[in-house]
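Trainee: First, the structure itself, so that you have it in front of you.
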Amino acid sequence: KDFILKKAREVCTCSHQTIITFFCQLFPVLDWLPHYNIKTQLLGDVISGLLVGIVAIPQSISYSLLANQDPIYGIYTNFFCNIIYVAMATSRHNCVGSFGVLCLMIGQSVNRHLQLAGYSDDNTGSLLVGNSTSSSNGTGVCDRSCYAITVALSLSFLVGLYQILLGVLQLGFVAVYLSEPLLSGFVTGSSLTIITSQMKYLLGLKIPRHEGVGSFILTWIDLFRYIQNTNICDLVTSLVALAVIVPVKEINDRYKEKMKAPFPIELLVVIVATVVSYYFNFEKRYKSAVCGDIPTGFRKPTLPDINLFSSLAVDALPIAVIGFAMTVSLAEIFGKKHGYAVRANQEMIAIGTCNLIPSFFYCFASSAALTKTLLKESTGTQTQVSGLVTSLVLLLVLLWIAPLFYSLQTSILGVVTIVNLRGGLRKFCDTRRMWQLSKLDTVVWWTTMLSSTLVTTEIGLLVGVCFALLCIIFRTQRPRATLLGKVSNTEIYEDQSTYKQLSSIANIKIFRFESSLYYANKDYFKTVLYQKTGVNPVLLAAKHQRVEAQANANTGNTKSFFGSRFDCLKPAKRRAEKPPADACPPSIDMHTLIVDCGVMQFIDTVGLSALKEAHHDYKEIGVQVLLANCNPSIRHRLQEG
């Protein structure tokens, strides 16, 4: 009681210094901004911010299409979350904004709710034209575009709420269950799903958007079914854009160390494509789908729809987990590279706030974006001031430039989205090397990738996590077990099957079990122990009992035979003194068994019972069991048990 009261007083004590420390931890900008060096840091931040902002313009518009939203909402999302992240992040290099995998998951959830609300797929074009919704005009009617953003901002609110709760409750360790092979497989599977969803824009086809299990296959079936309706203008434009963007991006990647900044080919292609589409009137002449009217300025803040929370609560959970996992992992990678500390729980609160507050300003969920973070780091950013510069670039688009993208074809947006997924597709080339390093990790990668692609992204993530945990259990359930031998003239003991010229100690076996001993592997422990030592005490004890029983029976028969036939006493004695070979008690080539517990981290109650049984069984046949290299926690458990 006294200890609890003491800790409570320490936590609840409020002083001037405590308040300053609290706000500095919640808003790290208060800590580093007063020490900002304008001469050495400002130039790198400005250049990096400008380049990231230039890249963010086409990505914001194209990822809006992926999230089933109007283009303006993608620009809103990238603008607001960058400003908030500057104030709350501990990472100096992360760049937050729309992320392809999250946009895919948001788009699937939005589309599912649109179908439940009765909006048909025939009105898909309304997401790209006429961005000012009916409800904002005072009519009180919410059209398809209005309902789509209502669902998205309610989803963003829940995602942010989940992430803030995880950060406040210090649950950042949850991210460790998303291993690198699992995340890599999930991103690759999601990339394939994204490419599939964007193919209809590249071909100019109007096909329904499938949801649920098998949507990947059903979409490809529809693509081939309606391929005769391909819009030749959209197809040619897409192929030309791919032929221009991909080689330039490859050159940027190959010579990034020699180039001061990558060439902004995406923005250039978007500008040229918009100008060409406008002057040749692709929309009316060839019926190409275009972005349409993109309004300028900001809309009045709105509240999320509370009525949607119950149906979106489950959808928000995997989005929140993937969002903070990507943010924390990227922050830690670049923190280690540049030698500064990153607080995982604060990063979760930061990205949660980047989703919670912007949800009132018509934004959808965001996280740290891999491509923009890599660009930001490679172009010399020093602090998060570069995020403010990126937001200023997007502000120019919001206030003046956005309407100029009216004639931009949606096929170009699809190309921009697909080109940015090259990193996820390259993971296929890494699987051969991964197989050589760890076959189990490779199986986790393929399982997560296939389930994310062929089932759904949410179920794929769940399957990947469960399968990865099962692999860990499998590894500890059937661990490596060996007999040890002694290295000559030393006190070193090593595995006899791995090392040569090890000497065995006469009548002593040393057994090592390379895992903790618990309920899942206690049967395997006893099985492999009996197998490696070549002595099964249970069978030997049973054999002893049979020999004794047979000996007792023979003694009884001798007495009966002596009473009936005295003259046959001597032959009977000879038979009793020399029993058959199978009646002899078996011989054992050891008197001591040493169990090396150096690798065991813990023993549970079931494992303790297994040790007791082994000790008792070997004692029955005259073999003593000793335990070596027990750590303090195991010794305590053995003493208590």
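A Cβ is built for glycine as well, from the same backbone N, Cα and C atoms used for every other residue.
Automatic, uncurated: that is what TrEMBL annotation is.
Found this in TrEMBL, in case it helps:
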- 498-641: domain 'STAS' (DOMAIN)
- 42-61: transmembrane segment (TRANSMEM)
- 73-90: transmembrane segment (TRANSMEM)
- 146-165: transmembrane segment (TRANSMEM)
- 171-195: transmembrane segment (TRANSMEM)
- 263-280: transmembrane segment (TRANSMEM)
- 308-328: transmembrane segment (TRANSMEM)
- 349-371: transmembrane segment (TRANSMEM)
- 391-421: transmembrane segment (TRANSMEM)
- 442-470: transmembrane segment (TRANSMEM)
Trainee: Which value does the mean pLDDT take for the domain 'STAS' (498-641) in this predicted structure?
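Mentor: Over the domain 'STAS' (498-641), the predicted model scores a mean pLDDT of 79.
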Trainee: Taking the transmembrane segment (73-90) as the first stretch and the transmembrane segment (349-371) as the second, find out whether 3 or more Cβ pairs fall under 8 Å, excluding pairs closer than 6 in sequence.
Mentor: yes
Trainee: Who are the chain neighbours of the transmembrane segment (263-280) in space, where the CB to CB distance is under 8 Å and they lie at least 6 residues beyond its ends?
Mentor: 51, 54-55, 57-59, 61, 237, 241, 244-245, 248-249, 251-252, 288, 290, 404-409, 412, 415-416, 419
Trainee: Going along the chain, which residues at least six beyond the ends of the transmembrane segment (442-470) come within the CB cut-off of under 8 Å?
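Mentor: The answer is 101, 104-105, 108, 177-179, 181-182, 184-186, 188-190, 192-193, 211-217, 315, 318, 321-322, 427, 431, 434-435.
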Trainee: May I ask which of the stretches 146-165, 171-195, 308-328, 391-421 has the most CB pairs under 8 A with the transmembrane segment (349-371)?
Mentor: 146-165
Trainee: Give me the stretch from 146-165, 308-328, 391-421 with the greatest number of Cβ pairs under 8 Å to the transmembrane segment (171-195).
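Mentor: Comparing 146-165, 308-328, 391-421: 308-328 has the most Cβ pairs near the transmembrane segment (171-195).
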